[in-house]
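Single-structure report; data block below.
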Amino acid sequence: MAEQHKEESVLEKISDKLHGRGGGSSSSSSDSDDERSSAAAAVKAKIYRLFGREKPVHSVLGGGKPADLFLWRNKRISGGVLAGATAIWLLFEVMDYHLLTLLCHCLILTLAILFLWSNATTFINKSPPNIPEVKIPEDLAVNVARSLRYEIIRGFATLREIGQGHDLKKFLIVIAGLWILSVLGSCCNFLTLSYIVFMVLYTVPVLYEKYEDKVDAFGEKVMVELKKYYAIFDEKCLSKIPKGPSKDKKQH
C-alpha cells in the first residue's frame, strides 16, 4: 500500500509538472502571438504613406458618394459622369459652342416639349407630365456657404502669413504653384484646364488605390532625395536671406 501511495504521489507530481509546463507553453505561445501582432502593427505604422496619410484613400476623399464616384465603385455612374464631362468639353472646345447659347437652346427644347405634352394630354386622354417642384434645403445652403466662407478665410490668412515673411518654405511652394498655373493658363483656356483637372481627379485616385504600395515606396525615395536637395539649398541660399520679424517679437 505504501508503495502504491508513493507511485500515485510520483504520478501526481509528474502530471502537475506537465500541466504546469503546458500552461507555461500556452502562456508563452499567447505572449508570442501578442508580440507578433504588436510587431506587425509596428511595421504597418512604419510604412511610408504619401503626404503622411493615415486613412484609406476613400476616407481621404471625404467618403460617401463623391468618393465612390472618383474611385469607380459604381462603374455605370462614374462612366456616365465621365461621358457627360467629355461631351460638354467637346461641345464648348471642339465645336465652339457658347455656354449661354447652349443653355438657351436646352431650355427652349425642354419647355417646348413640356408645353406641347401638357396641352396634348387633353386630346389623347392621358395624364399631364408630373413636373417636380425644385426646393433647396436651407440647411444645405447654409452649410455650403459656411464651408466656402471658411476656406476663403483660411486662404486669405495663408496669403497674409506668407506676405509677412513668416514662412519661407510656404512662400516658395505657393510661388511655384502659381507659376505652374500661369504656365498652364497660357497653354490652354479655363475650360480645358478644368477638364484636365477633372480627368486627373477621375483617374489618379483609382490608380493610386490599385498600386498603393508601389507608389508609396517610390514616393518615399523621392521625398528623401528632395529633402537632401532642400537641405543643401537651405544651407547655401535660404539661410542667408534675412527674415521678417517673428510673432513673438511683435507681441513683446
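Heads up, the Cβ atoms here are built off N, Cα and C, so glycines get one too.
Remember, TrEMBL labels are computer predictions, not curated facts.
Per TrEMBL, the features are as follows:
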REGION    1-36  region 'Disordered'
COMPBIAS  1-19  compositional bias 'Basic and acidic residues'
DOMAIN    66-251  domain 'Reticulon'
TRANSMEM  76-92  transmembrane segment
TRANSMEM  98-117  transmembrane segment
TRANSMEM  171-204  transmembrane segment
Let me know the model's mean pLDDT on the domain 'Reticulon' (66-251).
83
Sort out the residues at least 6 away from either end of the transmembrane segment (171-204), same chain, that have Cβ-Cβ distances under 8 Å to it, and list them.
70, 78, 82, 85-86, 89, 92-93, 158-159, 162, 165
